[in-house]
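A short worksheet on the structure shown next.
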Amino acid sequence: MPRRRQRVHVGSGSDGTEDSDSSAEREQTNSSESDGNIPKRTRLTRASLRLSQSSQDTPDVKQDESPPLTPTGNAPSSESELDISSPNVSHDESLAKDPALRDSDKDLSHRPKRRRCHETYNFNMKCPTPGCNSLGHLTGKHERHFAVSGCPLYHNLSADECKVKATTREKHEEEAKVQEESNRHATRHQTPTSRQTRYKEQVTEMRKGRNSGLSKEQKEKYMEHRQNHGNTREPLLENITSEYDLELFRKAQARASEDLKTPQERLRIQGQITEGSNMIKTILFGRYELDTWYHSPYPEEYARLGRLYVCEFCLKYMKSQTILRRHMAKCVWKHPPGDEVYRKGAISVFEVDGKKNKIYCQNLCLLAKLFLDHKTLYYDVEPFLFYVMTEADNTGCHLVGYFSKEKNSFLNYNVSCILTMPQYMRQGYGKMLIDFSYLLSKVEEKVGSPERPLSDLGLISYRSYWKEVLLRYMYNFQGKEISIKEISQETAVNPVDIVSTLQSLQMLKYWKGKHLVLKRQDLIDEWKSKETKRGSNNKTIDPSSLKWTPPKGT
């Protein structure tokens, strides 16, 4: 009987087209491909016998007690099964975890290799000419350049001079086209026109002095230019030849610089990529279309598209609307993986382990980098825990924001990276994430602080939160003497952060050799009035809704 060939999807792991099945189907695929090799079939049979014997010894598991499915359709019962079903796990790792696959897949060179998604564009390109600000272009048609071939400064010109020369060249080209159109139907051996004769005489007149030598002053000027700039600038070409020949040479240089532009430089010059940004301009995330702020190292084949399509539940990234629609039809995730440690109303917080859910956490970091400037962690997510805040409705739990923290932080950092999605900014969710991180520190009986350096938006959010915490403490304080240590122990805020906030509020004074904390009633009354106006709309974290114990080893 002819062999039945099964289709196995192998891809970059986030395009949404793969629909891998369980590891048993992979064994069946490998066995069908190795029918022509008897020793391999024998080893596979022995391995399958061992697996069948071990399966007979284990008790049956009911179908309704199976764990929730992953985005690939599998139901992993352990960390190893989750890694095998994940599309981004390498083939060698899957073989090492399953002995049957290791025995059967000795020669898989004919299969396509999995793509490593670490190559990105260089988005910090600048002109290599010393002292050049990348403004202008030798052709006079663009506002910026990123190579020596298009640098006006290298060619001893200015951006304005290049524009003037470009206008002159375009005018001459238009006149030449008109002349060519008028002479198209003329005879081949027609005598030169009066215009052509005058032009020839002008060229002859301009070329008369091209063989004259340079004066002493000109030679000194050229030598000084060469000593100052060396090979970083083009030699001075004036007075070496005629103006006509020099103009022809400049025209050829401009045309060559236009042809020598790389595809990346061409996109940047056209404005599709700007310095400090990225090629991904927008992402389609759920029912929102978000403009990105910074570069994120997505794979090259996705970054060049300009628009990315992301599943809002499993965070897989895809190339087109059609792939996203097909993926959403079969995606079984409606909330982040991991344990739900907090729920009040529609707000939930899930604790996701970077080691157990590596693919999800990597995709979350890539998504966050689109809106964070200082984030550098993308792939090494195993030492971190991710706390993902969601807002639930009848379609699922939608991503609001998240923060990550190290499992073992020697400096007691309670936040490594924090982000609120742009569609939920300025609605109080950022303070909720910060408050939740300090709530975890209180449960751990530790004093926490965010990891430095803080981004601009992060510093504003934390300063606002620390101010609110301190004013609330002052409002409820009934004693006579305030201790910074007591404030730190009650609020879990680091004393350094408390002192910096008191200084910014002008509530810390140095008097007679002692630091005094001033209770400014005007600031407390202002905070209280704002708190009253917010009323029930104020978003806060309820400690009684937290169901969480500190992870072991922290």
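Glycine is treated like the rest: Cβ placed from N, Cα and C.
In TrEMBL this protein carries:
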type     : residues : note
ACT_SITE : GLU451   : active site, proton donor/acceptor
COMPBIAS : 45-56    : compositional bias 'Low complexity'
COMPBIAS : 71-89    : compositional bias 'Polar residues'
COMPBIAS : 90-110   : compositional bias 'Basic and acidic residues'
COMPBIAS : 168-184  : compositional bias 'Basic and acidic residues'
COMPBIAS : 198-208  : compositional bias 'Basic and acidic residues'
COMPBIAS : 535-547  : compositional bias 'Polar residues'
DOMAIN   : 275-550  : domain 'MYST-type HAT'
REGION   : 1-113    : region 'Disordered'
REGION   : 168-219  : region 'Disordered'
REGION   : 529-554  : region 'Disordered'
* Asked: Going along the chain, which residues at least six beyond the ends of the compositional bias 'Basic and acidic residues' (198-208) come within the CB cut-off of under 8 Å?
  -> 192, 242-245
* Which ones in the same chain are close to GLU451 (active site, proton donor/acceptor), with CB under 8 Å and 6+ residues apart in sequence? -> LEU411, TYR413, VAL415, SER416, CYS417
* Asked: Tell me, what is the mean pLDDT of the domain 'MYST-type HAT' (275-550)?
  -> 89
* To do: Could you break down the residues of the region 'Disordered' (529-554) into DSSP helix, strand and coil, giving a count for each?
  => 12 helix, 1 strand, 13 coil
* To do: Could you put numbers on the helix, strand and coil content of the compositional bias 'Basic and acidic residues' (198-208), residue by residue per DSSP?
  => 9 helix, 0 strand, 2 coil
